[in-house]
């Protein structure tokens, strides 16, 4: 059966749900999907089980990898990524956040902000997300006085991480909306959220004129057709027949794009901001992996050593409790990859939590990088610093 062609009739935006594990991110994602399918006859309703679709996730009832769904409002087409809240899987949340233009922060009204609420806010800010909307969930389970306290606490937190004091707060029960899609009172919170997204989130300016770049998020084989790499196009456009380079981790190699798809629909051209799957000619699944990039030939090169400016999180922000010294070996997260690197300090003996410093990093493997790219630094399952590349050394 021939696939349908994706019709680009509305502006496209990437959003996602972030927040602490079990605060209701996947339930809200399902509630939105079901609500939008009622408004638009072509839309497919996805239930909770469809979004949490890996066997391990079903067993644990938590989201491990970021999941994408699509839906439309009257004014926009949204790609929605459901980010994992579980601490072990926060590196996958970084990949998800790297793909979002704006985020919906879920906070359970009956428990308030939790450690991961803060970590997700910090990561969202570092990944360049400018605006968020707060969804105060599980309203049916919370004492009204507690809800007011949680609201104040969350707004303070949102401001602390650089988001607006006028951040909208939508209150409701995602579970109620998901379970009673025909009840206008139950789905009112979803309706308000979607209206708020259309009005409050600014459509991002896309770097369509720059050379093509896509950070590979996932790779899979389609029997008889070849290998597909998926990810968000960071800049530029891509069409069938164009040559691209696979850069980073392994030897750089060239291939040709033989198919461009978004949400299982054919795209005439993929452009900056789109979450796409690209079919690649003559590439085996083992030849390409998450963390590499696909780029216009000759526009980005792999490197190991760079100078960067970093900010070290304080203990209160979930960072280290003690300083680190030359020879420190954490993981560096760029786009969709994480690589161990060794830190050298210039003219300093140590770096304290809360410091802003310049460091030199040598990674254990080469990755595609360019100046001004932002990254997160993690160790032992937590984010300890965030930074930006100042110059590439080798």
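Heads up, the Cβ atoms here are built off N, Cα and C, so glycines get one too.
Looking at the stretches 74-77, 78-81, 82-85, the one that Swiss-Prot records under the feature region 'G3' is 82-85.
Among the ranges 125-128, 129-132, 133-136, 137-140, the stretch that Swiss-Prot annotates as region 'G4' is 137-140. Residue 19 (GTP binding site) has a Cβ environment of 27 other Cβ atoms inside 10 Å. The Cβ of residue 139 (GTP binding site) lies under 8 Å from the Cβ of 109, 147, 171, 172, 173, 189, each on the same chain and at least six residues away in sequence. Mean pLDDT, taken over the region 'G2' (61-65), works out to 38 on the 0 to 100 scale.
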